[in-house]
């Protein structure tokens, strides 16, 4: 009996533990059942699961496409027309000759030994041949990057690193930022830099660069730093200016200006004048290097020279070296402004020349190239690089056919590094200053541009002035940061203090912006209305301004190219007439597959584009500019006869467009005989979407018996016309 009593309490404990475990198990099962039920019924979890499953299915093919996109040469090289090789050689040679004086000059701006400008110039062109998405863009040292790099070198002056090491570290950080944004396809982040901010920032940079070159141009000693100090010192030291340096410098400016203007006036008629004009910097370099050698080589020590020379000294390309981690941490935050300014400039130049020459560029891929090139360059003691407007314009003027011209450019620069460095020792500093001043002068926006911002939007004008004055008198980093900060605060304040207006009563004759998207006449097109196949309607669902304007523009263009056939011109015609780039056609083919369009040969043309602004209560200068570019691109694709109409515009939005340079006139109601035939010089504004779609066309844009009427869209799946004619942007 005793043993039984002894084990009884222990049995009770075991039973209690088992009971607790059963309760715990039951509770756990309840949690599991609850979680299962949440997974079955919760919208967010179902959406996450759906996206994950779709991503897993698309991952293999998407991975291959992603890798191929990083090397566009794989797509276009097999289709290269070997008759283009002469154009590419001439263009590559010309850009190489331009890069020699510009590389030296921009290294001088960056306050590093000028030979490192050449060492920064050989790799970008050959890398761009593999990774670039434009045929025209020329990359290398630029005035903007040089000035911002010089500011970082000045800020770290006196520490343990040399200017060349600091410049290389800045290049590496630029590359890291570029690769991060490019590989992750986050290029849209750069759209937070509005056009007015960019105009003010670049204008201030150009003035700062010119002021920095005045001491070399005039041969003045001891000119200080800072805009106000430089202006004072330049005028105070005019009596001590070197007359020989002034003669060399101003003669160089005169020569460069004369050749530039001659090329603009007679270059199209005379190829010799054209070639002299585009190689004017190289010509000035050769002439004045000869002068520098002739008057100074017999004078012994450099203190006896009549004027200062560059004293280029190098023994070929230096061996690679990795910037130190401690230095990278020092320049990481300071390099953000360099990256932002140069990346925006790079992508803007690429887009501009793609539109001009009728092909498509990939902004994210351009940033990937930008990042890879700067990281690679940083190993070779090089400064940062990016797209340059002047060289890109010359490259385009040479009728370059593909990025293969970059191999020739690289060869020219390498020859100068290994064979011509001794000769370049005698380049007068005043000549380099003259080349820099004439190169950056066109970068300054005219007062008319800023007055246009004033007329269009006070906020845009203020942001441009903040970027200009702060960059000019404080620092470029703070200038662009403060202007962007102002824009962000302005956008937030517009949302916080959104205006709500009461509906007008029956006795009132005034109209309000608020009821426009709510009233029946301004709503969607009625179901009984049959839209012509050459009509496409887009409705903006929110304000249109600098963060979303670029995306909205490309959403419209992509949809038009997906759902409509192009006019047959250079890029869409015969194979021997086609452009080198396949990026655009690959993108449109992908979009058409996603839309279920298997045969694009019978798509209707685009004849009328209607933009519905019923829900848009604000636009800015950037939006108005992007909409102009959108109209231009649509007409390049669909023909000059494409008509663009606006609908449901509030008076505020209409005034913004008009102050930005648009010519807007009232439309006529549907069912009328139409108005004057004024072509595409004006844009008609209609009170309702129905009127905008059904009102008579201009004579040049009405449907005929050929073209879009014959291609009525039968190849598109039944019902697609209804969907495609109404897009939400």
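Even glycines carry a Cβ here, placed using N, Cα and C.
For the transmembrane segment (82-100), the list of distant contacts is 118, 121, 125, 138, 140, 275, 278-279, 281-282, 285, 390-391, 394-395, 398-402, 404-413, 416, 420, 580: same-chain residues at least six beyond its ends, Cβ to Cβ under 8 Å. According to TrEMBL, the transmembrane segment annotation covers 82-100 (among others).
Sequence annotations record features per position, and here TrEMBL assigns transmembrane segment to 166-186 (among others). Long-range Cβ contacts of the transmembrane segment (166-186) within its own chain (Cβ-Cβ under 8 Å, at least 6 residues beyond either end) map to 110, 112, 116, 120, 145, 149, 152-153, 156, 321, 323-324, 327-328, 330-332, 334-336, 338-339, 342-343, 364-379, 381-385.
According to TrEMBL, the feature transmembrane segment maps to 193-211 (among others).
What TrEMBL records for 241-260 (among others) is transmembrane segment.
The transmembrane segment annotation in TrEMBL covers 272-295 (among others).
Residues of the same chain lying 6 or more positions beyond the ends of the transmembrane segment (404-427) and with a Cβ under 8 Å from any Cβ of it are 80, 85, 87-89, 91-93, 95-97, 99-100, 103-104, 114-115, 118-119, 121-129, 132, 138, 285, 288-290, 292-293, 296-297, 309-317, 395. Summarising the annotation, TrEMBL assigns transmembrane segment to 404-427 (among others).
Per TrEMBL, the feature transmembrane segment maps to 434-454 (among others).
According to TrEMBL, the transmembrane segment annotation covers 466-493 (among others).
The domain 'STAS' feature in TrEMBL is assigned to 525-696.
Taken from TrEMBL, the feature region 'Disordered' applies to 700-729.
The feature compositional bias 'Basic and acidic residues' is assigned by TrEMBL to 711-729.
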For the domain 'STAS' (525-696), the mean pLDDT of the predicted model: 81
Among 193-211, 241-260, 434-454, stretch most in contact with the transmembrane segment (466-493) (C-beta, under 8 angstroms): 193-211
